[in-house]
């Protein structure tokens, strides 16, 4: 029995990659220094994996920003607008990921989307008429040889041709048709080069196969691989899937020329049933994904061994594997000195998951009497308490009316127009303002008990004063307090709710250099005291204008945390919803007129197969949001915000959330959402983000005016809000002030024309 992993976290044990790239962006280090840091990280990760006894060690899973972008660059799928900047290869790469504004030109970044059902974001490759698709890159070969120099025969990992083709944004059908053959030829050339290097295994990741596949999808997949696999020669090909099962194509894969199939037995609900029904091919190896790559709880070896024994009825050719990339979990628990050992022993981050694979291999190669098995089973005895009877009783007492807000949206809209007295096209921001080094230092000093609570609060209040003053000077209509007291929109609430645990160093990559530290939902959740009330009251006291109360919604708190596995996601979300509901009512009672409840991650756990959308997710996720705000008065305006996602197919469900205003991140997708909003007669007032805050470029008044006009051409003027597409926490003040001034100027210019 051997073992494998799909891929490993890139950012480093202490986010070394993040800091190295950010230094390069600020021109504080050279290209050579950045690439040296990256090379050292790769070497360290390979050695960690090798030392853990993993047999199939991945290469080419490392990325400076995003592996989808890496794959596009490998095959020269780069839009002409980036080529025309005439930058060197590295800066052209970063121009695609961040946008570019300088002496060589002014271009926006590629669109960003959620990677399937995760909180990782990928960049959408763009292919236009001038794109010459060919194997022009060498990253996959260089990194294979790099590992080889360290004495490691690695398994290069690459996004498969079918998934890549489905993810590319083609200019039109003609461009797409021409690209198909060119891309196939490029993959064939890649196979030839890997054969020249005498590579043994290539892993092709095809997660798109876990979606609902049409006949056309299956035909396209077969067309690609019937040709491609004829060129594999001595190269062995592992077709790797994750985030679901292969029910639409599994029987065909058994008859294909792939040397191995990677199945997900964690999220793949039907993976085991498919093997039981159709068996497994004698000429193939099964890479069995049984170590959860998306959650941090320790593996129960008894369950894994039971699964392996069942699979062995159908094949003896089994490799133990992760369910997906370990990119989605933190690096290692060894940096967690503050978590009680009674909890910590029950968690496995990326490095510990390597150990779990090693243990399982050793147990399977010996017997179940192995001490490693006994030690694992001991972990699950005498675990810390998780239940709270008061929370259970409160959930049980919920009635149907607790999930419905009255009066109707139309009635509320009239009441709110009269009460709030806002102008046409009201301007606002999404919530957070830049968190400079002094803000982070103040928070750290307070956490380390180097300053008093009073000093900490006074510092934040001064920052709030400055933030309110800046917004008033710019001329925004609805203000925010800036969120200087918050480290993260989820972690901050988790820290103030009972039932959560926190890591010191549990960082996970969200996109590029953006890392998040997800809380761990351990027990039943409740609110023990007000969380945001003091900050919101203080901020509102500083201005005659409305200052929004800012909260994170229950679905996002769940989706951006590591969830419990002992109760349903529905129950866990409803517990959080009740806690946030208490906060909403406190804010309203304190005179806060607009309360924003962000559901940035609403789409994240939406099942990848449409048949499961309602029964497994939307039927409880939407009511959980309703539960949060159903108790407020008609005059209180409820806002929500949603991050990069595909919304067009769930807009009716989003409308059913019954918020009064919703802001979307829409700028990177060229506001393509507007046509769908119009088509479904979306009732909620909307703020489609008018510029991309994830890029350092400052949009001009002219650019913003054109964007606002585009929105007005699609939606009624009474329904529109003007705002950036996300919070401003990660930007510099000079960028923020310049952009917001242009936003207000553009809005005022358009108002005069209405």
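Every residue, even glycine, has its Cβ placed from backbone N, Cα and C.
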Listed co-binder of L-methionine (same site as 430, 431, 432, 598, source Swiss-Prot) among 385, 389, 473, 483: 483
Of the candidates 466, 472, 604, the one that Swiss-Prot places in the 5-methyltetrahydropteroyltri-L-glutamate site of 15, 16, 17, 18, 114, 514, 515, 560: 604
10 Å Cα neighbourhood of residue 604 (5-methyltetrahydropteroyltri-L-glutamate binding site): matching binding-site residues from 430, 432, 641, 726: none
Cβ within 8 Å of the mean position of the Cβ atoms of 430, 431, 432, 483, 598: remaining residues of the chain near L-methionine: 429, 480, 489, 550, 596, 641, 727, 729
Collapsed DSSP category at residue 17 (5-methyltetrahydropteroyltri-L-glutamate binding site): helix
Among 483, 604, 665, the one of these binding-site residues whose Cβ has the fewest neighbouring Cβ atoms within 10 Å: 604
Inter-residue C-alpha distance, residue 430 (L-homocysteine binding site) and residue 726 (Zn(2+) binding site) (nearest angstrom): 6
Reduced DSSP assignment, residue 114 (5-methyltetrahydropteroyltri-L-glutamate binding site): strand
Residues 15, 16, 17, 18, 114, 514, 515, 560, 604 [recorded 5-methyltetrahydropteroyltri-L-glutamate binders]: greatest CA to CA distance in Å: 27
Maximal Cα-Cα distance (Å) across residues annotated as binding L-methionine, namely 430, 431, 432, 483, 598: 13
